[in-house]
Amino acid sequence: MALHLSWVFVFGILGNAVSFMVSLAPLPTFYQIYKKKTSEGFQSIPYVVSLFSAMLWIYYALLKKDAIFLITINTFCVFIQTFYIVTYFYYGPKKEKIVTVKLMLLFNVFGFGVIFLATYFLKNPSLRLLILGYICMAFALAVFVAPLAIVRKVIKTKSVEYMPFTLSVFLTLGAVMWFFYGLCLKDMNVAVPNILGFIFGVLQMILYAVYKNHPKKTVEESDPKLQLSDHPVVVVDVAKLGSDVNAVIPNSTKSNNGGRTEGNAFNKV
């Protein structure tokens, strides 16, 4: 029993440490926003969803009562994601502010409110914890599937500039730590989603190894429509063409207005 608790403690501490570093990963992005005084070009939805996820896991851990490490890291996530959202909102254009407010109302107010009301007043505590655990697990699985868009982009462009290697490593390490933490607690709601997180993390690192030295596509290679045609280029001498037109138009076409000809008018056009 003591050994079991010690492993829970070890993996809980390691999971908190790795997830702490992952939570700080967006700081360079927000430093750019601060320097440019605008959040245009960035999206707020990752931070809104991360805040929603942290709120769910805190609620779950409070009901479970023996998952203190879930509470510590997700409490930190609530604060740091709130900071990101407030900064984004402060520097965001009006349109993006409206979108952010709508997302907050959808996920963090309406979504969390519905889940809380639907589970908290259940008379059976075990059933309440079971339902909430399934909700947390389903949402965590959906979050881990999100990197598939980045994986597709890397394969399509053969470039890893959109997939930082360090972040992939930390996400994979985090998945390993939280898997063993859930396994030691015998909590499959924590362990199962991190299996998928580990698989996608390894996949990202493999793609990085494959494409890290791959030459980037040029504009012509990426879009054949932009390639130069092999047909000969016809060059028109506009000045010579204008003089030839004047020579062809007879003097009888001159108007009485200052001696200017219709030919000259045509030439100007």
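Here the Cβ of each residue, glycine as well, is placed from N, Cα and C on the backbone.
Note: TrEMBL annotation is automatic and uncurated.
As annotated by TrEMBL, transmembrane segment applies to 6-33, 45-62, 68-91, 103-122, 128-150, 162-181, 193-211. Summarising the annotation, TrEMBL assigns region 'Disordered' to 250-269. Taken from TrEMBL, the feature compositional bias 'Polar residues' covers 250-259.
Taking residue pairs at least 6 apart in sequence, the transmembrane segment (6-33) and the transmembrane segment (68-91) share three or more C-beta contacts under 8 angstroms. Packing against the transmembrane segment (162-181) from elsewhere in the chain are residues 7-8, 11-12, 14-15, 18-19, 21-22, 25, 69, 144, 150-151, 153-154, 190-191, 194-195, 197-198, 201-202, 204-205, 207-208, 212: each is 6 or more residues past its ends and has a CB under 8 Å from a CB in it. Under 8 Å from some Cβ of the transmembrane segment (128-150) lie the Cβ atoms of residues 49, 52-53, 56-57, 59-60, 63-64, 115, 118-120, 122, 162-163, 175, 187-189, 192-194, 196-197, 200, 204, all in the same chain and six or more residues away from its ends.
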